[in-house]
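Record features (TrEMBL):
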type     : residues                                                                            : note
ACT_SITE : His243                                                                              : active site, proton acceptor
BINDING  : Gly15, Ala16, Thr17, Gly18, Asp19, Leu20, Ala21, Lys22, Arg49, Asp88, Val89, Lys151 : NADP(+) binding site
BINDING  : His181, Lys185, Glu219, Asp238, Lys343, Lys348                                      : substrate binding site
DOMAIN   : 12-190                                                                              : domain 'Glucose-6-phosphate dehydrogenase NAD-binding'
DOMAIN   : 193-489                                                                             : domain 'Glucose-6-phosphate dehydrogenase C-terminal'
Amino acid sequence: MNTEQKPKAVIVIFGATGDLAKRKLFPSIYRLYRSKKIDADFAVVGVGRRPWTNDEFRSNISESIQSSIKKSSELEEFTSHFYYHPFDVTNPSSYLELKGILSDMDSKYQIPGNRMFYMAMAPEFFGTIARNLKKEGLTATEGWSRLVIEKPFGHDLPSAQLLNDEIREAFSEDQIYRIDHYLGKQMVQNIEVIRFSNALFESVWNNRYISNIQVTSSEVLGVEDRGRYYENSGALRDMVQNHLMQMVALLAMEPPIKLETDEIRSEKVKVMRALRPMTEKDVPDYFVRGQYGKGESEGTAVPGYREESNVDAESNTETYVAGKVMIDNFRWAGVPFYIRTGKRMAAKSTKIVVQFKDLPMNLYSNDVDSKHPNLLVIHIQPDEGITLHLNAKESGGGSYVKPIKLDYCSNCVDQFNTPEAYEKLIYDGLRGDATNFTHWDEVSLSWSYVDTISKAWESNKAEFPNYASGTMGPKAADELLEKDDFQWWPITDMVD
Ligand SMILES: NC(=O)C1=CN([C@@H]2O[C@H](COP(=O)(O)OP(=O)(O)OC[C@H]3O[C@@H](n4cnc5c(N)ncnc54)[C@H](OP(=O)(O)O)[C@@H]3O)[C@@H](O)[C@H]2O)C=CC1
Ligand SMILES: O=C1O[C@H](COP(=O)(O)O)[C@@H](O)[C@H](O)[C@H]1O
């Protein structure tokens with residue numbers, strides 16, 4: 001991988017007046033600037049329709065940084081690198097003007113024509129923007145041009161294919177950086193390290209020693225003000241198609257030949273190709289959906305999903321998904337990967353639990369209740385770390401066994417150095433490292449898997465709501481594991 005260590009580029013943010021830019025992108029660029037990861041001579045050009053001046057744009061950026069970073073300084077110097085250019089992206093004639101601004105930035109900051117075009121806008125605009133950038137020569141510079149694309153990448157396989165075809169008219173696959181912000185999370189990136197740098201784990205990472213793997217990403221928040229988007233998405237498209245399937249791929253992939261982008265992506269693609277295909281009729285055997293009703297969230301009474309704004313009073317949209325994903329290859333045959341995600345659950349937590357098989361004969365525990373399987377827990381958020389659940393002798397006489405935990409808390413040690421997911425991904429994009437972005441082959445295979453589920457669900461109405469806000473989801477999700485003689489492991493000490 002040929003990556004620059006201190007990249008120098010003009011970043012163009014389409015959608016610079018929006019929520020994502022304000023909450024995630026500006027603070028991330030600021031952190032990169034403060035840690036001197038990007039060249040001090042950087043420039044950012046923001047695009048939106050609001051008739052803002054540079055000063056208004058800059059004060060919006062200062063606000064965004066002050067509200068998300070406790071100790072901020074050098075804000076005036078930092079924001080002086082930001083420029084605002086208002087235009088409607090559907091208007092082709094405005095791109096020539098933008099081209100002129102970018103050339104001026106190159107001269108002012110001695111940037112060698114490197115461009116990062118960040119699409120922080122609704123996906124319906126991606127194709128138009130990409131086409132106009134190419135048509136008006138904004139990508140024809142001496143340096144590199146990269147297109148960073150936000151989710152959702154399509155609504156299903158046909159729409160994702162259409163979107164991909166549109167952007168591929170202007171950008172090649174190696175210029176496209178599809179964001180999945182979970183791939184920027186510290187502990188998601190740690191999955192490969194835990195697996196491939198520990199003989200202890202890699203030698204038992206297969207169906208001979210692992211009985212099941214559980215991936216949970218639960219949220220306390222409801223749909224908030226995103227009802228319009230969420231009604232067309234649901235938890236399956238919003239979380240499973242991308243974030244959860246990416247974590248499954250990282251857990252299940254074969255060791256890559258080298259730690260290089262193409263090698264890693266190709267191993268993830270092989271996992272997606274090995275996903276057990278389902279017909280619509282099979283879906284109820286493998287997947288469960290849920291929708292939150294009213295209840296209590298962190299001590300406050302909250303409404304059900306159907307009472308949220310911009311949500312149909314009889315909505316069939318799922319706010320919860322649990323599934324059993326089977327990977328039919330040599331390593332994983334017979335090992336269920338259980339996944340679950342939902343809004344308005346009891347806790348905000350993303351965790352992976354790897355449950356190892358019991359010993360063929362246990363000299364210390366005969367009955368089921370006193371047996372404690374070995375577990376490897378990877379804590380993704382809010383705590384970051386690893387816990388290994390083992391058995392050890394209780395102190396004192398006799399040979400009583402008790403379960404013990406070996407804990408490593410990564411964000412206790414590196415609390416102030418853990419980069420935020422977007423910070424990491426923007427930096428990778430600027431360096432030209434696409435490893436933690438999704439390749440089209442992964443995206444398309446994942447859509448094709450998920451499409452069967454959404455078709456099955458769209459063709460019949462669910463009995464919603466089926467879980468109360470503030471709980472861990474519908475009963476059917478527990479039954480999904482019970483029929484295999486498993487159970488969900490708690491994701492915090494307080495819930496489940
Ligand atoms: N917000 C978040 O936390 C997350 C967002 N995303 C994705 O990021 C993208 C942006 O989301 P978000 O920031 O929340 O959306 P917002 O609605 O807050 O912002 C949309 C942006 O697009 C601009 N815009 C809309 N139409 C035009 C147009 N015709 N010409 C020029 N600019 C236009 C708006 O500018 P103006 O109003 O000035 O016209 C605004 O800057 C979406 O794809 C979303 O799915 C993904 C993950 C998380
Ligand atoms: O992509 C999305 O992710 C968030 C959850 O992200 P996290 O980093 O807080 O776990 C989710 O709330 C949102 O609906 C979805 O679009």
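Every residue number used here counts from 1 along the chain in the order it is shown.
Glycine residues also receive a Cβ, built from the backbone N, Cα and C atoms like all the rest.
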*Of Gly15, Asp19, Val89, Asp238, Lys348, the binding-site residues listed, which put a C-beta under 6 Å from ligand 2? Please answer none if none do.*
Asp238
*asked:* I'd like the number of other C-beta atoms within 10 A of the C-beta of Asp19 (NADP(+) binding site), please.
replied: 11
*Helix, strand or coil at Gly15 (NADP(+) binding site), per DSSP?*
coil
*Only counting partners 6 or more residues apart, tell me which same-chain residues put their Cβ under 8 Å from the Cβ of Thr17 (NADP(+) binding site).*
Gly46, Gly48, Arg49, Arg50, Trp52, Phe57, Asn60
_Given the recorded positions Lys185, Asp238, His243, Lys343, Lys348, return the subset with CB under 6 A from an atom of ligand 1, ordered by sequence, or none if empty._
none
*Spatial neighbours of the residue listed as 'active site, proton acceptor' that are distant in sequence (at least 6 apart) but have CB under 8 A*: Asp180, His181, Tyr182, Ser217, Thr341
*Of the binding-site residues Gly15, Ala21, Val89, which sits closest to Lys185 (substrate binding site) by Cα distance?*
Ala21
*Including all protein chains displayed, how many Cβ atoms other than that of Ala21 (NADP(+) binding site) lie within 10 Å of its Cβ?*
23
